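Here the structure is laid out as structure tokens; the discussion comes afterwards.
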Amino acid sequence: MAMNTGGRLIAGSHNRNEFVLINADEIGRINSVRELGGQVCWICGDEIEITVDGELFVACNECAFPVCRPCYEYERREGNQACPQCKTRYKRIKGSPRVEGDEEEDGTDDIEHEFDYSVGTLGRQGSGPVPSVYGGSYENATSSRQDSSTSGIEIPLLTYGEEDTQISFDQHTLIVPPSNSFGNGVYPTLHTEPLASLHPRPMVPQKDVALYGYGSVAWKDRMEDWKKKQNEKLQVVKHQGDGGGGFHGDNLDDPDFPMMDEGRQPLSRKLPIKSSRINPYRILIILRLAILGLFFHYRILHPVNDAIGLWLTSVICEIWFAASWILDQFPKWCPIVRETYLDRLSFRYEKEGKPSGLAPVDIFVSTVDPLKEPPLITANTVLSILAVDYPVEKVTCYVSDDGAAMLTFEALSETSEFARKWVPFCKKYNIEPRAPEWYFSLKMDYLKNKVHPAFVRERRAMKREYEEFKVRINGLVATAQKVPEDGWTMQDGTPWPGNNVRDHPGMIQVFLGHDGLQDVEGNELPRLVYVSREKRPGFDHHKKAGAMNALMRVSAVISNAPFLLNVDCDHYINNSKALREAMCFLMDPTSGKKICYVQFPQRFDGIDRHDRYSNRNVVFFDINMKGLDGIQGPIYVGTGCVFRRHALYGYDAPAKKKRPRKTCNCWPKLCFCCCCFRSKTNKKGKTKKEKKPKHREASKQIYALETIEGVEEANVDSRLASQVKLEKKFGQSPVFVASTLLENGGLPNEASTSSLLKEAIHVISCGYEDKTEWGKEVGWIYGSVTEDILTGFKMHCHGWRSVYCMPKLPAFKGSAPINLSDRLHQVLRWALGSVEILLSKHCPIWYGYGGGLKWLERFSYINSVVYPLTSIPLIVYCSLPAICLLTGKFIVPEISNYASIIFISLFISIAATGILEMQWGGVGIDDWWRNEQFWVIGGASSHFFALFQGLLKVLAGVETSFTVTSKAGDDGAFSELYIFKWTSLLIPPTTLLIINIVGVVVGISDAINNGYDSWGPLFGFNSITQGDRVGQCSTSIIVTEESNGVVLDLTIDNTGSAHMTWREKKELENEKVVSLGGKLQKKQRLPLSVARVMMKQQKETEEKMQEEDVKSVLGEVEDDLLVCGVDGILMDLGMSSMQVNDAARGFSMLKNGPLDLRMNPKATLKAEDVLNSWPADEVGRVLREYGEERNWYSLQNRIVKARLHGGLHSTNELVDLIKNSTSRTKGGFLFQVA
């Protein structure tokens, strides 16, 4: 039903009993003047209806005071039942309900015989429609293809019958639609009896209608089950009637019948990711889990004793990171993509020459502050909605102005005028996108492919029109910058009701409508409604969630479409077929009933090419959401989502039908056992055996409702209790409560415009939600600034599933903040909402068990609310490198080969996981890298602040105010990108950056001062090589490449290292080699006092040489050689060959000896004591950390077992034990025991 307010703004407050009609523009004033000629009610201002006799409704026959029927009936029911002017008592007028005091009137009433149709009436072709309570009228059209001679008795489906609520409460009647067409639920039987008169048959008069469950969900479910059973029976009738009787397949347009093969095909399908891409990804996830286990096994068993605090902190952080990764990773286990078939949708629901069968859609656009959300952007969004490729009578656009700004109101008025030219232009030439700002800014050659000259001409004219439209909108914005002292006034001088943003009545204005202004080509336009809910001090308005719930109620009163689309004011429809894409899922006859919403990905305009702050969030929308779609569906992200209204009302998803039990296939002899077992288990269940419902014959015209339901009698007061329950859930509006029972939408035909407008003002009043379930179980859920996550979570807990739709042409596009400060504040708001959910009763960690939420879907919701907690370990872990460099302590011990393999494997698995995700998700490496970067930046700033703000808000009640994110204007591309705006959110990441820079500088300085301090005077060396262990001491050789160089041998052994060095350089005549501690292997050409620099005794050479001793030695050599430096140093202060050759020292494995192994003979601790008396763990630690032994655990166990047999006392015993544990060889020599 069309809502025409005559161009007037409807403002009012239900609580204050205010209802005002304001002439918003010149057209409204002209219309109001015309209505003053006796056609307007002097009480409410609404038009006075015309009776069925074609005369003006007159309430008082004495003075003819102009009063409409709703005011007349209200005065009789609630008032003093008298005319306001002459005080004459109102008499009951035909068609109005009786009240106390009415005289008993003789004769019949129109209500009693309103639906009494005779045979002749049913047979006429042109009889008028039969009005129904909801959902339109039943057309009385007889199919021309039906042979009158073979027409049989028609069995109307009871679900198409209507209850006549006007009859007295004890005489309820089912109204039979008087139609002969097969498309209205009336099917012929096989009998050929003459058509009988179908009088309304009352149900059992002694029973109240509540016994039959009217108005309850259970009643509707029973009706659906009965309807399906009837359809199954009618299939038999259809096949039997194919041979004659005029029952042709072409008449089966009713949706209850199966359609043709093309029509029965699915409207969409799943496309799993290719196994060649997803299977390696899954294997890698499992492998990465195993590597993580080995990593933590090593980390926990290898503490750093001298930095136990740093080690423990790092391990805790790493465990948290691993848990966070698991929560994020496993919901991606089964990603899918979907494909829709728009042609099949049109074939099924859009038949040529017939009204479109597509479901109506109400579209919600929310805006708050027109100064931060430019009206031009909002206007483009509205224009793209009005021009959408969808039947105009099925689309209604509601704009919620939560700031009650007159600027928004006037901008919508201008937009509605421009839409009359823009919408037909878009549909005539099928242009994309249909937001003019972005269409005209596209860089494309619109003249290619030989475009028709008319298009070029009209495009240029339309662009001029749009430029003029922009000038008018910008003029309104400029005017709004200076607010008058007395507030804004409208064109007729009336003060703007929303001058006080926090205290104003509710406002509704219908700009466009099905019976309102038409476009320039004379076609209808979608309805455009302006809504500003009432706000009063002392009421919590719940921000965006409250605005969405207000729109949801007012739309149910005005249009009541079964599906809703909500978009932000800066998200325009980029793909005009977006609604059709969603309908491919929601209207699918097989799987659509369980879908609560269809979520589209967010795509953005105006972002720099590198997307340095990860505004596109491609990893989330192209990887995570695909994974969720393979489980129970994506989460709701706040915009670009098409809802099923019934799911938002808090109802459970349709239950799955249980499959029938398999019959017993056992042998006959064993079947008795099976039956006995079943009888024992079901013994209790069979004690109270329900009677099977008795069904009447199919030839009966009307089915008794109690027979169809097959249930026991309900309580007499169930209807009243059900109504009270619905009012407690949905509020005190009877029109809205009645609309919630209509799953397929629709409005009451008998409701007038004025009554609906009053109800619309009522449902947007500030106190309407008090003592109801709005925001708790119904609509958008309150309790978090991110109401989107909470709302989707509640629907999934009710068993619904959602769908992720990614058409090739993005369905919606919006704007995003490109400035770092604005981006961080946006992330702060999201994170704060997650913290609020985490600390509420709706936390997915403990809420919703026993419902329809799947486990992997729960993992995803848990991850979406706990991710702000990661900010603490992230900040701590980012601080550890600087702390380690400043203190000289580290979080890991000396890394062995085993540990190196684990670390490298972990790094490789992390990188490989990211690469495979990018491969099957279609994400570029640049987007993936930017996402990882901003995760660290946001985690160290916004998430950290949100965590503490959330704790203060929930625990201490400290409210946090948020400013609306500024939407991009038209003052130049990327104008905000390079503007630096300081915010406190930048303090943590800036501090981390400074600390790490200081740590790096200190670490480099320490390495230079300590590591090269003794090499400072040595500037002549160029290259370094490292030796190896091959049966003797390891050495470090530094060799000069110049001639005439000096090589200093500081080895303390007798193996002739200086001689080998000299032999490699024997071609150098002037080479000078000095050996300290060993024999001089080359004749000296210069005098050298070796005695001054040699160690006097062998035992002295075995002692540790201090740094100053080396310096003194170098000084001595330099003095003797008369040089200022040396060109090479051969130095080793480790074990010497003399120690190995002495079996008594215990260093040799070739000669048997005691287990001594003391570097200093004066030391008291021997290897024999360690192996035979130390704890097993300590022995293993020595082998692992100091010996770097791979098989340390096996050696440890063998050493402990050897203690049971007397222990280890000689080198041969230790050698035999090692040989039995390992067989490692290198170069033909076994490793040294030491």
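Quick reminder: no glycine exception, Cβ is built from N, Cα and C everywhere.
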Worksheet item: Pick from 43-68, 381-406, 979-1004: which range has transmembrane segment per TrEMBL?
Response: 979-1004
Discussion item. So if I draw a 10 Å sphere around the Cβ of Asp402 (active site), how many other Cβ atoms end up inside it?
Written reply: 23
Practice prompt. Measuring CB to CB from Asp788 (active site), give everything in the same chain under 8 Å that is also at least six residues away in sequence.
Written response: Ile635, Tyr636, Val637, Gly638
Item to complete: Tell me, roughly as an integer, the mean pLDDT over the domain 'RING-type' (41-87).
Response: 80
Practice prompt. Please classify the secondary structure at Asp402 (active site) using three-state DSSP.
Written response: coil
Item to complete: Let me know the DSSP-derived helix, strand or coil state of Asp788 (active site), please.
Response: helix
